[in-house]
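Listed in TrEMBL for this protein:
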- 54-73: transmembrane segment (TRANSMEM)
- 93-119: transmembrane segment (TRANSMEM)
- 125-145: transmembrane segment (TRANSMEM)
- 157-179: transmembrane segment (TRANSMEM)
- 185-213: transmembrane segment (TRANSMEM)
- 225-245: transmembrane segment (TRANSMEM)
- 311-332: transmembrane segment (TRANSMEM)
- 338-358: transmembrane segment (TRANSMEM)
- 370-391: transmembrane segment (TRANSMEM)
- 397-418: transmembrane segment (TRANSMEM)
Amino acid sequence: MLDKLAKILSGKLKSDQRKILINIGWLTFEKVFRMSIGFITLSWTARFLGVEQFGAFNFALAFVGLFTPLSKLASDQIVFRDLVTDPGNKEKILGTAATIKFISSVAIFCIATFSILFLKHDEPLICKLVIIISGASLVSGFNVIETWFQSQVEVKYTIWAKNCIFILITILRITLLQAEAPVEFFAWLVVAESLFNIIGFIFVFQVVGHNIFAWQYDFTIGKELLRISFPLAFSTLAIVVYMKIDQVMLGQLSDQKSVGIYSAAVRLSELWPFASTMIVRSLAPSIISAKKTSETDYYRKLQNLSNLQALLVYCIAIPMTFLATPLVVLVFGQEYSAAGLVLSIHIWSSMFLFLGYVKEIWITTEELTWFAFSFTVFGAIANIALNALLIPMYQEVGAALATVISYGLADYVICFVYPSARRFGWIMTQAMTLGLIKFDSRV
């Protein structure tokens, strides 16, 4: 279908534009396809496991996720850049990146294992789940194959491989559900999906004419890759802590039942950013281009996109505030009804998340990337402090409140601390009031 669309547009678009259009189409197809099927199996899995085991499983996923920034010591962004600028040197670039990622993945497995045995030695199920799931990282080095296809705007190859594996894993998950398998089997399924994805990547890489056995490690490339990637890995760590520490702290300061209830609410809350990111990606090129021609037009487009994002949040969050509990019960069952209150609170973090996507365009265009790092570090610190304060008092509801407040502080309030960021702070303010209150964005 995507190729047919390209043929229709062949008279109007250049070949590189058609290639990009097809690339975007494949990415969109993959996202919608996986979300649709994944949501159904998620509901079934949550009902089958029950609140406590669902909480234990999600705690293990979040805990292992805290250590994944180590894999960024061979940053995908830098590898992508190098493959675009020097595709003829791909054997050395891919070989070097894969080697660094493999060493990092071994470190992830060891650190995650020792950490969980130290923190949760009295909870054998949690320890077992974390150790199993962290094993998925051991094959992550070969993910550089996906980066190669992305750099050549040929993602359809890896998407076909990933979707075939996704269907296989879904069938296996349904089989486990019907067989009433223990929760450990679902953890092994995470490992299996990672392993099968890598096998699929290697297969398509070889089939289209490349040779994985030609990869080489280059010490010069490796040294430069580590030098550039180290700050990015630290930044990624701040982002992961900022976004995921809530479930880990909830498991530490409360219990796995609270994690299960909170995770159910978060899964429903996280369905919506997909729509926001699609809008932002579609309009970002126009905004970036406007910066080169007219400052007034540039900020007008930023304001319009921010207004649209805020309106989208209100359209989602207001109904969700009142319908959260019936929706949770419909999707996950009566056992998860307490997640309704959590969802009605957590959904409002979308306001700062959606407007944050627009702020990323502004930060990148203005070349103020250090802002992004400072915002994220502040958000991570605020999130940890608020979770430590609120979880002991309000459990999963406290974690939801901590998320909304920390997002608001890091993505909005802190804009007014930096003089250079105040202008965008006023843009966000006007967007959140839907233009009913006008502000001078030049302030």
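Cβ atoms are placed via backbone N, Cα and C, with glycine included.
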Stretch-level contact, the transmembrane segment (370-391) and the transmembrane segment (397-418), CB cutoff 8 A, at least 3 pairs: yes
The transmembrane segment (54-73) and the transmembrane segment (311-332) contact flag, 3+ Cβ pairs under 8 angstroms: no
Among the ranges 93-119, 225-245, 311-332, the one whose Cβ pairs under 8 Å to the transmembrane segment (125-145) are most numerous: 93-119
Contacting positions for the transmembrane segment (93-119) when only residues 6+ beyond its ends and CB under 8 Å are counted: 63-64, 67-68, 70-71, 73-74, 79, 82-83, 86, 126-127, 130-131, 134-135, 137-145, 147-148, 215-218, 221-222, 225-226, 252
Intrachain neighbours beyond the transmembrane segment (311-332), with Cβ under 8 angstroms and 6 or more residues off its ends: 43, 46-47, 264-265, 268, 272, 275-276, 279, 339-341, 343-344, 347-348, 350-351, 354, 434
